[in-house]
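Per TrEMBL, the features are:
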- 29-249: domain 'Nucleoside phosphorylase' (DOMAIN)
- Ser35, His66, Arg86, Phe87, His88, Ala118, Ser222: phosphate binding site (BINDING)
- Glu203, Asn245: purine D-ribonucleoside binding site (BINDING)
Amino acid sequence: MHSKDQISHDEYQKTADWLMSQTKHRPQVAIICGSGLGMLADTLKCQDSFAYSDIPGFPQSTVQGHAGRLVFGELKGKTCVCMQGRFHMYEGHSLLKTTFPVRVFKLLGVETLIVTNAAGSLADGLQPGDIMIIKDHVNFPGLVGLNPLCGPNDDKFGPRFPAMSGCYDKNLRCQAMEIAKQLGVAGLMQEGVYAMVGGPNFETIAEARLLHRLGVDAVGMSTAPEVVVATHCGLRVFGLSLITNKVVKSYEDSV
Ligand SMILES: O=P(O)(O)O[C@H]1O[C@H](CO)[C@@H](O)[C@H]1O
Ligand SMILES: Nc1nc2[nH]cnc2c(=O)[nH]1
C-alpha cells in the first residue's frame with residue numbers, strides 16, 4: 001500500500017458532512033446493490049438521490065448495471081441509504097476506495113449494512129434465480145494481503161486486528177430464513193459461503209473445481225472488502241447473493 005492510497009478520517013467526515021447538509025434523512029440501514037439489483041433503490045419512499053460524480057470524495061462507478069447513485073429514503077418504515085452501483089477492485093480502484101462508502105455510512109449513523117451481489121454457483125443445490133444468504137466468506141485477495149485494512153490503522157474506526165468469525169450476523173440470517181418461510185419462498189433460499197476473487201475474468205474449470213473443493217458455494221468479485229471494513233467499524237452485516245449462473249466445473253460442459 002502506498003501512502004497516497006491512504007484516506008484520512010477527515011476525508012470520510014467531509015463526505016458525510018456534505019451528505020448530511022444535502023438531505024434530512026438519517027439512515028439506520030445501508031444497502032449496497034449488486035450487479036443488476038439497483039432497482040431495489042427505486043422502491044424507497046421520499047427519495048433524495050445523488051450522482052456519485054456530485055458527491056465530494058466519492059469514487060466513480062464504471063461497470064454496466066451499476067447506475068452510480070446514492071439514494072436516501074424510507075423502506076418499510078426504516079430510513080435507508082442505497083448504493084445503486086458499487087466499486088470493484090478490477091475497475092482499478094484501491095481497496096480503500098472500493099470501501100469508502102462503508103465508512104461514510106458509519107459516520108452517517110448507520111448501524112446495519114446489507115450487502116447484495118450477483119454470483120456464480122458452485123454448489124449443486126444452488127440454481128440460477130436462487131438466493132444465497134451469506135453465512136461466511138473466503139476473501140481470496142485479503143488472504144494474500146489485498147485488504148483495505150492494510151496500512152496504518154484508523155483507531156477511530158476500529159482495532160488493528162478485528163475478529164471476522166461472526167461477521168455475518170446470525171440473528172439477521174435466522175430472521176431472513178423465517179421471513180422467507182412466511183413468504184413461501186424458502187425453497188429458493190439457503191445459506192452458503194461466498195468467495196471473492198479478483199476478476200474480471202470468470203473462473204477456469206480448474207479454478208472452479210478448487211473453489212468447490214474448498215467449500216465455496218458461490219463466487220463473485222466484490223462484497224468481502226466491504227464486509228471487512230464494516231465489521232472493523234462495528235456495523236452489523238447481512239449479505240445476499242443472487243445466483244445468476246452455474247460456474248462450469250466439468251470439461252464435458254465447457255464450450
Ligand atoms: O458483485 P457484484 O457487484 O454484484 O457484481 C458481480 O457481477 C459482475 C460479473 O458479472 C462482477 O462484478 C461480480 O462481482
Ligand atoms: N467470479 C465470478 N463472478 C461472478 N459474478 C456473477 N457470476 C460470476 C461467476 O460465475 N464468477
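Every residue gets a Cβ built from N, Cα and C, even glycine.
Note: TrEMBL annotation is automatic and uncurated.
Known features from TrEMBL, placed on the structure.
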residue : record                               : DSSP class
Ser35   : phosphate binding site               : coil
Arg86   : phosphate binding site               : coil
Ala118  : phosphate binding site               : strand
Glu203  : purine D-ribonucleoside binding site : coil
Ser222  : phosphate binding site               : coil
Asn245  : purine D-ribonucleoside binding site : strand
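Highest Cβ count within 10 Å among the binding-site residues Ser35, Ser222, Asn245: Ser222. When the CA atoms are compared, the binding-site residues lying within 10 A of Asn245 (purine D-ribonucleoside binding site) are Ala118, out of the candidates Arg86, Phe87, Ala118, Ser222. The binding-site residues under consideration are Arg86, His88. Their Cβ neighbour counts within 10 Å are lowest for His88.
Checking the binding-site residues Arg86, Phe87, His88, Ala118, Ser222, Asn245 against ligand 2, the ones with a C-beta less than 6 Å from an atom of that molecule are Ala118, Asn245. Checking the binding-site residues Phe87, Glu203, Asn245 against ligand 1, none has a C-beta less than 6 Å from an atom of that molecule. Summarising the environment of Phe87 (phosphate binding site), the number of other Cβ atoms within 10 Å of its Cβ, over all protein chains shown, is 29.
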